[in-house]
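Trainee: Sharing a structure, written as structure tokens. Questions coming.
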């Protein structure tokens, strides 16, 4: 390797030059990895031998974004050779030169520097593409990188591929080898968190705006340069209140914690970083959050206004703070200076939002607080100060959204010399002229449909428990008074205040949920079931103002029905069951404090023919007895400090009703207490105690004991179980329960008995994973026998999952390890005759998500007589079965219409130019118990031949493109335009087996066509033009080697003159007019002789323009002396080699 260097003292930091030669080497910035100098201007020139190219692979890259730049040149470092400009912290993709020289130039400014870059280069033959690189968390298949070679990529379990899985090395436009697609990447399933750098960006919870997953633990770190600060503005925010949290650190003082549904105020960092930590618990998911961050540069070189500040070398530098900015991204947020702090005085700020020329801009106000009458925000419909005014805003009234008529919007903000306010927060999005602005997703609702095109529709659906109070469930993009707008407002979903509910199951929410309820409410709900079916309500969340905001539940349809209970504070039973087919609920609030309210579920249950329903368990108490047959007795006791309201047992009577109501456990005001230990609680504990109390408790204990009572020994905790209870004295009780998926064998509750032996009342229970199980519910766990210990041989275990009608089941494997020959079959229904969703062995189910199309799943686990393994742990959860699964999109195709996947809706498809649709172009989502499509997804295929009539443009592809074509083909395509038109052919890709696989192109109809060109090999042909209004393409292949084939783009234009006859190689032309009757004269350079006529004329016959005779060529005189004269040949379809008819 030859390296020559010319450099100045790098402490002064200015100029350096490197000349690099050799088969491989490295390039790195001066001072790497400790930072490059300011004012650097360094150039590296890498030179290879002829017929070779240079591949550059970056191992590390970190430059000050926008201000320090590495330019890469395809050749010497001259402006016309510029290949790309690199800046920031993103690792660049591999770069391969076109020719034998590759140059790099690093230019840094006078301020902040970063780590720099380190790259390696390798010299490649021109016929190879070079190694495209390996994927983190992925697998590369393929070790040769020459023309025609393919490299396949796949991802490790737990990751999915983004990009093209197969890369093909093919001949590029410069006759050099290149990969047809960029390197893909592997992204983690349910991946969340990461490190973010750059001027701005967006952070969202997993799956936003869909619900995030349970047990999430995500951390994002935003990094900026030293001295910079970071502004974080929340666009949407909805977490489960009190259970799921977002913690933000990096601000003044302690961490900030956010939960619930209130949009947090913007956050400004006190450092050059911010860290966001998001956690969720094991149930009840919400939509999540989305926030935009923007780095506030300490040193900004693009604006006006100067402030002195110390530099890295402690000298004075200029630093600029500005309120002038151009937004070019498709969406973003515009903030007033220092928002949400005081924006300051004497401001004149201008922001331009620049969209694509075919787009418009939609601006939505999130917040505004501007000094009335003196400070103004003006929005204009264009780029200049003279553009029409769309609106002028002052004060704190939130304006309606604004839409521009063109692709530029101008925001001007002017303030006077006094009083500053909070400012404004505006979100902008861009959309096309024939589109409506993005309507977003309703709070507490879902959205179906993504098309914003004129004529398309988007549907909305409120979440369970919410009702649409304003707007429409379906909105359509229409043309109204010359503007493209939605025909109605977006659906608004709110928790209703009362209602009459007749569905077999559902959710009731306090008004305002998930936020606080309002004051002075009186909301009544009547739940009605079919006669003979009682109703069960289960409390998921409950928190109201103690004593003043109450929920009454009555066993009937009116307020005069028997009272079941009045609930307030946080103390509610686990569930309640009516004795009739009605329940009446009344929620009353006063005019003072409010709280989060309640979320409860109701469902119709079936009366058993031989026993009573579960009577429930008192709050702060226990139930003794789990038999509910006729004649059975059930007793109750209370936790320490509480008193049972009724000590009589409950008896299941012959009419299958309990003899009395469920008692309650109450913390009383005063009392007489006997015993050696105990608990005293304030009245109403743990809620607030009432006013005007005067309570006295008298405690009496015995004077002596026969012997001291020794405590029992602490028992072990059985495997896969949880123990409740930390006291082991005489009379103390321990309770055991199993992990999900396990069954408890033995007694769940044991008591320490008195006496000298210190025994527990029963042996310890154990938790077992059984062979097969039948599970009903909205979520749960299935385990293989003995999990996590190996399962046994020669087993067949049946598992069934059943959830509520109208819901589906999602199944995932948290652990899955089967031996060869052992399988798990999963069926989409309630037996093994249903549709088979999959058969899994070894670790094949890891990373797989299965969704049922009904409320049942059936699993069959079969083991053979050979080896065994750990088995599986499967988790299931239910989801609303309101639509079919996304059918996907055919490769090389697209969706024409998507009705939202509801029952009865349809999705239609079409293919990209050059491809034909095989299958049904429209799929229908079937109604009934299942949500499935009536037909399979169609495919898009590049056919062998075809006829195209009346199209103004399109493509012709080799059969099977982009895959290699097949052997022994004879394909004919006919392209026919209207009379008086010609057809132009432009080749996008061309690679066939030279000589043996040939594409012939004929100008004109079958009867009188002229052979335009005969093509084969890897060289990309030049454009061709017909003189007739039709073209025939004939592709013939042999029985041996096949290549990628071709992609030809055609376009139709009106014939008004002859085509450009071109200039012969080694010759010249005079005459540039090609109208009918015009002539052009040719002559050859010295040493060359003209073959053909020196003068040709443009002839028009029946709308056809062509040259008569054909344009000549120039041939060297020495070649004429050596070669015999060519024999005349015909170029018409009547020649010896006509195309097939």
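FYI, residue positions are counted from 1 along the chain as it appears here.
Cβ atoms are placed via backbone N, Cα and C, with glycine included.
A quick note: this is a predicted structure, and the numbers were derived from the prediction, not measured.
Taken from TrEMBL, the feature disulfide bond applies to 638-665, 944-971. Positions annotated as domain 'CUB' by TrEMBL: 16-124, 192-296, 323-431, 497-605, 669-710, 771-879, 944-1053. Taken from TrEMBL, the feature domain 'Sushi' applies to 127-188, 434-495, 610-667, 710-769, 882-942, 1056-1116.
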Trainee: Can you check what DSSP calls residue 944 (disulfide bond), collapsed to helix, strand or coil?
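Mentor: DSSP assigns residue 944 (disulfide bond) to coil.
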Trainee: Please work out the number of neighbouring Cβ atoms within 10 Å of the Cβ of residue 944 (disulfide bond), leaving out its own Cβ.
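Mentor: Around the Cβ of residue 944 (disulfide bond), 17 other Cβ atoms lie within 10 Å.
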Trainee: Check the domain 'CUB' (192-296) against the domain 'Sushi' (882-942) for contact, please; criterion is three or more CB pairs under 8 Å, pairs 6 or more apart in sequence.
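Mentor: Between the domain 'CUB' (192-296) and the domain 'Sushi' (882-942), contact is absent.
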Trainee: Please work out the mean pLDDT for the residues of the domain 'CUB' (669-710).
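Mentor: Mean pLDDT for the domain 'CUB' (669-710): 73.
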Trainee: If I take the alpha carbons of residue 971 (disulfide bond) and residue 665 (disulfide bond), what is the distance between them in whole Å?
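Mentor: Answer for this pair: 87 Å between alpha carbons.
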Trainee: Taking the Cβ of residue 638 (disulfide bond) as the centre, how many other Cβ atoms fall within a 10 Å radius?
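Mentor: Neighbour count, Cβ to Cβ under the 10 Å cut-off: 19.
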Trainee: Just how many other Cβ atoms lie inside 10 Å of the Cβ on residue 971 (disulfide bond)?
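Mentor: That number is 18.
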Trainee: Quick one: give me the count of other CB atoms within 10 A of the CB of residue 665 (disulfide bond).
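Mentor: Here the count is 20.
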Trainee: Give me the CA-CA distance between residue 944 (disulfide bond) and residue 665 (disulfide bond), in Å, as a whole number.
Mentor: 82
Trainee: Please list, for the domain 'Sushi' (710-769), how many residues fall into helix, strand and coil according to DSSP.
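Mentor: With helix first, then strand, then coil, the domain 'Sushi' (710-769) has 0 helix, 21 strand, 39 coil.
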Trainee: Looking only at DSSP and grouping its letters into three states, which state does residue 638 (disulfide bond) belong to?
Mentor: strand
